[in-house]
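Notes follow the structure.
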Amino acid sequence: MSVDTAATVAERFRELYGAEPEGVWAAPGRVNLIGEHTDYNDGFVMPFALPHTAVAAVSRRDDGVLRLHSEDVEGGVVELRLDDLAPESDKAWTAYPAGVVWALGQAGHALTGADIHLASTVPAGAGLSSSAALEVVVALALNELYGFGLKGWQLARLCQRAENVYVGAPVGIMDQTASACCEAGHALFLDTRDLSQKQIPFDLAAEGMRLLVVDTQVKHSHSEGEYGKRRAGCERGAALLGVDALRDIPYGELDTALARLGDDEEAVRLVRHVVTEDERVEKTVALLEAGEPRAIGPVLVAGHASLRDDFRISCPELDLVVDTALATGALGARMTGGGFGGSAIVLAEAADVETITKAVEQAFDTAGFTAPRVFEAVPAAGARRVS
Ligand code: GAF
């Protein structure tokens, strides 16, 4: 994010609220390299931060009022009283920042109010965690201004609680942790059971490779019910198998576990995806640490097949990206994020990027789909103060 962006957001804050902001913060969206729908099963994930960020100019208030404004949404400043914040009372964008304030208060970190102006370059509805970026930037700003002393992973937990309870979306912990804790040039190997983390160097350019994000422009906002169903299905699978979470099934005991599920086809599919996906994350980490980044391609492809066939959350547009990219020389490709639309990632030799991009655009045109948005993703910094 450029210094100019921070200055523009601060300038807009002055116009809206008639005073200098106390500071400006930024928090990124994310792309998940591998580890999908494992985070609410206590499993492994491996996201990295995008250069696209939500930026917030923020000042404290002392009168119990929260004022919110977004550059990206029609309408003026929204004024709320802290005493009135209540879970699931707000169906608008303001539920994300207000939910963070509520979650901070619930955790004993009471505020006396704030003025907040937000502007984001994270594409909304593209499976790139625009909501988590909004939550994390607000949490980070308030944490610093009020001196709560919370660490990145603690902010992520509070943001997840805001989204689960205040907004009412049953998401896991990956996106908020990615936005809060990722580092430039690295992917984050995260154990979602205890939030232990390892930064894995991920510099594809140095290896002559690229990672493309292909936003299918299919908005995944109607997927919330399906997301909740998958989550409930995984929890049912864990209960049937007598474990706390599907994370507890050792890879070598998967076949035995599936046999125990008998003809419960849905449970078999969900359990198989989660357990094999955890294994794919660990395999990806091992390959990257062994200096074999090209070898992760087939692991990504296997992850896509599992999400498409077992977890059943892909869609024709995502499958078309993956199939077309692989047919034109990509090393690997998969859908990324929650599914039912959003984005796919493509791992490719730098020399093949143009051919693959054109082929995907052509395939979308031929299929009559909305043109996709393709961009190269380089692991960027996590949430931070920018002025
Ligand atoms: C969405 C959720 F917000 C994450 O918690 C995660 O479950 C992801 O879907 C799927 O891996 O982004």
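In case you wondered, yes, glycine gets a Cβ from its N, Cα and C as well.
TrEMBL annotations: computationally assigned, not manually curated.
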Among Y166, Y227 - the residue TrEMBL places in the same substrate site as E36, H37, T38, D39:
Y227
Using D175 (active site, proton acceptor) as the reference point, find which of the binding-site residues A126, S131, E163, Y227 has the shortest Cα-to-Cα distance to it.
S131
Just to be sure I understand the packing, how many Cβ atoms besides its own are within 10 Å of the Cβ of S70 (ATP binding site)?
22
Filter the candidate list E36, H37, D39, A126, E163, D175 of recorded positions, keeping only entries whose CB is under 6 Å from an atom of ligand 1.
E36, H37, D39, D175
Taking the centroid of the Cβ atoms of E36, H37, T38, D39, Y227 (substrate site), which other same-chain residues have Cβ within 8 Å of it?
G35, Y40, N41, V45, G172, M174, R230, V274, E277, G338
Distance check against L128 (ATP binding site) for the recorded positions R30, E36, T38, D39, Y227, keeping those with Cα within 10 Å:
R30
Taking each of E36, D39, Y227 in turn, which of these binding-site residues have a Cα lying within 10 angstroms of the Cα of G127 (ATP binding site)?
none
Spatially closest candidate among R30, H37, E163, the listed recorded positions, to S129 (ATP binding site) (Cα to Cα):
R30
